[in-house]
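Look at TrEMBL and you will find 39-220 tagged as domain 'tRNA(Ile)-lysidine/2-thiocytidine synthase N-terminal'. According to TrEMBL, the feature ATP binding site maps to S44, G45, G46, A47, D48, S49. According to TrEMBL, the domain 'tRNA(Ile)-lysidine synthase substrate-binding' annotation covers 269-336.
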Amino acid sequence: MGPHPAVAAIRLAVRRVLHDVLTDLTDPADRAAATPPLVLVACSGGADSMALASALAFEAPKLGIRAGGITIDHGLQPGSDLRAAEVVNRMTALRLDPVESVAVRVGRDGGPEAAARDARYAALDEAADRLGAAAVLLGHTRDDQAETVLLGLARGSGIRSLSGMAEVSGGPGRTRRYRRPFLHIDRQTARKACMVQSLPVWDDPHNIDPAYTRSRLRHEGLPALEKALGKGVVEALARTAQLSRDDADALDAWAADAEAGVRDADGRLECAKLYALPPAVRRRVLRRAVVAAGSPAGSLFARHIEEVDRLITGWRGQGAINLPGRVEAQRQGGRLVIRQG
Ligand SMILES: Nc1ncnc2c1ncn2[C@@H]1O[C@H](COP(=O)(O)OP(=O)(O)OP(=O)(O)O)[C@@H](O)[C@H]1O
């Protein structure tokens, strides 16, 4: 008898990703540096990442891959170090090796969720570099993706923010470090896979704390939407993410091409040529120019770009616009001058 369908589903998802990781290791230097290659799972001890850890432990040896695990202790609750130690034990019991717990100090920038995430990814990057990992697997599910799309929609900042999380994304110097094998797997399946394999899971109290936006969305928002629109809404939102990502990538590529055509010999942006571009492309060209001038991409919001755009489409002699990172945008003689002050 084969494994339970939930276990088969998570294993297949992980197997596919491990094949991709091996395909990406085409650089002979990479292959030589890490033989056999190491893949890490980022494990919180929750159902999603425990299911992921179990599937990685099962599939990796069959492909000649070493499987390890990292858990991050955010130090946000009393006893979090003991819990991290317990997660290490659980990963060790799955025969992952190496297994580590890394304690981080969570700052305050951008609210508690964002600060914890920043600290977590910095620690995962550091661990992956130090251990020479070819990839780090994350346990985000289709439900997480649906939540991310809704959060993006509520921000009102365009299709890039509707495109949710990528199946493959980068860290510093590594464009394809993070992999999300479960983006097409629902949370129930991950939970079921843990249950039938008798894997103990730890439910993060933050996930049910109504003080957190994502938690409210998970426990109140999405169920209300499902009630109103039907059960397929999670799947539809996840599909929206994929379609939006493809559209956003295409528009970004268009904007990269268009940018060269709207600069004059001195590299300044010509307002008349910008005006002639479709708004979606023009706003992207402006965003690229503002980021290139030194504005941190993470602090630049749609409203900033809209204001710069009004120098092109709503020109009535307005003054310089101040942007994050001490960048200034100003219209001068039919040209847009964007520079750091
Ligand atoms: N403390 C942590 N240590 C290591 N990895 C983590 C930690 N917290 C989150 N992750 C990684 O990020 C993924 C998404 O985490 P998040 O908290 O957003 O979702 P979740 O649904 O609570 O996941 P899980 O059920 O695995 O805890 C996790 O599946 C895991 O891979």
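Backbone N, Cα and C atoms are what each Cβ position is placed from, and that goes for glycine too.
TrEMBL feature annotations superimposed on the structure.
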residue : record           : Cβ neighbours (10 Å)
S44     : ATP binding site : 21
G45     : ATP binding site : 21
G46     : ATP binding site : 20
A47     : ATP binding site : 25
D48     : ATP binding site : 25
S49     : ATP binding site : 27
In three-state DSSP terms, G46 (ATP binding site) is classed as coil
Residues sitting within 8 A of the centre of the S44, G45, G46, A47, D48, S49 CB atoms (ATP site), not counting those, run C43, M50, A51, L52, G139, V201, W202, D204
The answer for which binding-site residues (G45, A47, D48) have a CB under 6 A from ligand 1 is A47, D48
Helix, strand and coil residue totals from DSSP for the domain 'tRNA(Ile)-lysidine synthase substrate-binding' (269-336) stand at 35 helix, 13 strand, 20 coil
On the domain 'tRNA(Ile)-lysidine/2-thiocytidine synthase N-terminal' (39-220), the mean of the pLDDT values is 93
